[in-house]
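Notes follow the structure.
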Amino acid sequence: MGWGDLGAFGEPSKETPNLDQMAADGMLFLDFYTASPLCSPSRAALLTGRLPVRNGFYTTNGHARNAYTPQDIVGGIPDSELLLPELLKKAGYTNKIIGKWHLGHRPQFHPLKHGFDEWFGSPNCHFGPYNSTERPNIPVYRDWEMVGRYYEDFKIDLKTGEANLTQLYLQEALDFISKQQASQQPFFLYWAIDATHAPVYASKQFLGTSQRGLYGDAVREIDDSIGKILKHLQQLGISESTFVFFTSDNGAALISAPKQGGSNGPFLCGKQTTFEGGMREPAIAWWPGHIPAGGVSHQLGSVMDLFSTSLSLAGLQPPSDRQIDGIDLLPVILQGKLIDRPIFYYRGNELMAVRVGLYKAHYWTWSNSWEEHSKTGLSHESSQNPIFMLILANGELVPVLGLFGMARRGIDFCPGQSVAGVTTHTQEEHTYLPLLFHLGRDPGEKYPLSFASEEYQRAVEHISGLVQQHKATLVPGQPQLNVCDQAVMNWSPPGCEKLGKCLKAPESDPKKCSWPH
């Protein structure tokens, strides 16, 4: 989901009344960031409070490459990492994840082995359908065992976009909250729905209800679900003892826009990039009776802060035996304070950019490669525009509207947003002379400051000192996203025997994963 997808952040169709009301009753964070422009690393960062380069959710197979956890990935969240639910257990919390886990699907990476007590959802996103020979359909789990597979037992209609998954996830959340309230048990609920990830889906009652098409339908259903969850907390009388935070794992995927992607508002590019559109997220904190209504914060925040903030709420201290990148946001939320801290924008193993205050310095720029961007092919689906062909007729060349033709169908993470020297299709290093933007005057990163200006020199000198300090103390974790093997895919997850859904795995053939972006 993108920064510009909610009415509270300026989306013009105003189709998110519940999230907008959540913001009116709580606090908006306008400068809130994920830790990676891609799903798996950002989720690992949220649950560990640590940058992906520290917790292992990156690759060294190629420089500055995005990587995640597809079905054939061998790695996942290491046992050495301490996840938020593991620590909350010490304070007596019951922990549940609903929706997408995405931190590895092999048995040792199961969320119930990393602090969660309950799980209803999937280890991967809802890609498919697959034919079960080259690759299996993604399993859906209830706790330790699968209860079916996407497309087979949990239907997703790719033609209409209809799927009931968000409603299932909503009911799971309501039931879990009711159970914990009845037993007077403190709880942590990680509600990780994925309806706005392509292929986008929504339930029948929301299909066709948005001005924004299917993607808007999905956003409206998520908004409606969050409204029901907040109302449920209020009806149970526990809203004043429940802290709720809403955000996204990365910016809107412009590669699948406009039909399957959202809006990043005024910001440059989207998912997969370390420009603002890829990493600045909508964020709302809600805690009636504690957070003053209608608050707006310009605190530089991060999903990693949810780790430290949650521990603080539970009366716990972060682990002292490792570097924690998240900060406790309670002084910001409850007292309106601003905490001086940098934001580090990583892409794989490379520090691409740093934000300090209103200044952002790019040490590397790269949107995506020319090879991927410029792919062409014979396809009538590769362009949204009609293709004109020149046909030889009676000795003359005549332009004809064609159904087929050579059209670019490559990957573009910044459609319609090319900025010369900034949105580069080759990896460009700016280590010795960073590109500097003032995000207050130029949130779209279109106008780099003059290298010769006093403002540039003063800001870069300050930021460079913080970068040197960061790199001097950085101890990268063992990369988990380097090796892929078809044999480790979801062929026979636990519980498949009971359902008759076990599939035969191919011979193990581990290889280096290919990460073109």
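Glycine too: its Cβ is placed from the backbone N, Cα and C atoms.
These numbers come from a predicted model, not from an experiment.
What TrEMBL says about this protein:
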- 1-315: domain 'Sulfatase N-terminal' (DOMAIN)
- Cys39: active site, nucleophile (ACT_SITE)
- Cys39: 3-oxoalanine (Cys) (MOD_RES)
- Cys39, Asp249, Asn250: Ca(2+) binding site (BINDING)
- His102: active site (ACT_SITE)
- Asn164: N-linked glycosylation site (CARBOHYD)
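Other residues of the chain with a Cβ within 8 Å of the Cβ centroid of Cys39, Asp249, Asn250, the Ca(2+) site, are Thr34, Ser36, Pro37, Leu38, Ser40, Pro41, Ser42, Arg43, Ser248, Lys271. Taking the Cβ of Asn250 (Ca(2+) binding site) as centre and 10 Å as the limit, one finds 29 other Cβ atoms among all the protein chains shown. The number of other Cβ atoms within 10 Å of the Cβ belonging to Asp249 (Ca(2+) binding site), over all protein chains shown, comes to 25. Per-residue pLDDT, averaged across the domain 'Sulfatase N-terminal' (1-315), gives 97. Every protein chain considered, the tally of other Cβ atoms within 10 Å of the Cβ of His102 (active site) stands at 26.
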